[in-house]
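What TrEMBL says about this one:
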type	residues	note
DOMAIN	10-78	domain 'Threonine synthase N-terminal'
DOMAIN	94-369	domain 'Tryptophan synthase beta chain-like PALP'
MOD_RES	K105	N6-(pyridoxal phosphate)lysine
Amino acid sequence: MQLYNLKHPNQQVSFRQATLQSIGRDSGLFFPSILPRFDDIDSLLSMSFVDRSSAILQHLLGDEFGHDTIDDMVRNAFTFPVPVVPVEDNICTLELFHGPTLAFKDFGARFMAQVMSHLIERGDHNGPLTILSATSGDTGAAVAHAFHNVPNIQVVVLYPKGKISSLQEKLFCTLGGNIHTIAVESDFDTCQDLVKQCFADAELVRRYGLNSANSINISRLIAQTTYYFEATAQLRGKEVVISVPSGNFGNLTAGLIAQSLGAPIKAFIASTNINDTVPRYLATGDWRVNLTQATMSNAMDVSAPNNWPRIEALFARHQKAPNVELRYNAVTEAETTEAMLQLKNAGYISEPHGAVAYASLKKLLLQGEHGVFLGTAHPAKFKDSVEATLQQSIRLPAELEAVANRKVLSSTISANKRELENQLAIYVAD
Ligand SMILES: *Cc1c(COP(=O)(O)O)cnc(C)c1O
């Protein structure tokens with residue numbers, strides 16, 4: 001797969017390079033130069049999820065990896081089911097939270113870990129490789145689990161001390177081995193800023209082989225195309241409209257790539273909470289970033305979505321306008337609560353992110369269409385808000401039960417690059 005830098009189209013890289021570098025010159029995002037359509041969608045849709053995912057990734061990456069390598073990576077990464085669950089006559093949900101950290105980010109993070117570990121094994125990367133990221137919860141957990149025990153890779157995850165739930169902390173700060181977690185005495189934005197300062201320090205990047213593993217990394221998005229095909233496979237013959245609860249817009253980018261490859265999806269709904277930069281932009285043509293507001297769907301509390309330039313580029317390539325092709329909607333907190341209650345009445349327990357997508361679907365689904373809202377996290381991951389809203393208790397799934405009593409292994413630092421560098425020196429031998 002050949003990719004180019006959206007800011008400097010002359011910078012062209014392979015998928016291997018794009019994965020190892022994460023980001024191009026001047027922080028430009030990498031995007032595939034061509035997205036070759038499948039000519040036989042019918043036979044593709046007849047396959048099982050894992051076989052089909054292997055076929056899709058071979059179609060895209062077969063020029064860089066052998067058939068068996070891709071097949072192994074897919075089988076190691078996608079070890080959990082992807083059910084479509086009916087909720088109402090014409091509405092269902094695609095449950096993407098059956099992986100080890102109970103959120104859809106497991107798909108991208110686990111595939112990326114497979115690719116990285118393969119590249120190290122075959123010598124495409126020399127010297128240390130350190131994944132450094134800041135998390136407000138879900139990304140850190142997915143990345144930590146995906147890279148746990150992968151040889152020759154160290155993972156360092158920063159999070160704001162005391163500002164993530166105790167259960168979230170247990171999920172990724174108890175692993176040990178090559179996973180190093182640091183509680184920073186500050187907030188999430190400061191954690192992210194510390195990480196940025198490290199990436200801006202060329203000497204530090206070189207010494208530790210820093211890589212970010214957030215949705216800037218194209219390998220995550222390419223992996224996520226597979227479950228969009230699964231939704232259409234399970235709903236064959238229907239006019240499928242998919243509502244995507246969006247924050248950084250990586251998930252929607254993956255959906256649009258799947259559609260370009262030939263997945264029979266009639267339309268997408270870009271659904272946000274009140275951090276609504278994209279819906280406002282689509283309505284007015286004016287890109288204006290407001291201050292981020294805290295909501296129940298906190299993984300979507302993003303007001304400057306990283307992946308939007310990729311979506312613009314894709315529509316431009318098809319000579320289409322995003323505000324014509326995309327349906328869009330911003331959901332208030334009251335509407336989110338209302339949606340969770342409606343879903344409960346329909347016999348389905350959802351958490352705030354999925355509920356945002358459902359609320360938009362109820363508003364924008366047309367006669368004759370079949371709606372799918374993406375279930376991006378397990379309700380137990382947002383236990384407090386789900387229990388408070390639905391007035392019922394939620395059982396912990398085995399994954400969370402298992403870690404609830406483990407010891408948190410994090411170190412604590414103040415928000416200071418020097419202190420972070422000292423920790424890196426301890427964790428990563430150069
Ligand atoms: C990350 C996340 C989102 C937002 O996905 P983007 O790809 O950033 O748009 C939605 N729901 C949950 C539960 C998440 O963790």
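For all residues, glycine too, the Cβ spot is worked out from N, Cα and C.
Keep in mind the model is a prediction, meaning the values are calculated, not measured.
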K105 (N6-(pyridoxal phosphate)lysine) in three-state DSSP notation:
helix
For the domain 'Threonine synthase N-terminal' (10-78), what's the model's average pLDDT?
96
What are the helix, strand and coil residue counts for the domain 'Threonine synthase N-terminal' (10-78) according to DSSP?
39 helix, 6 strand, 24 coil
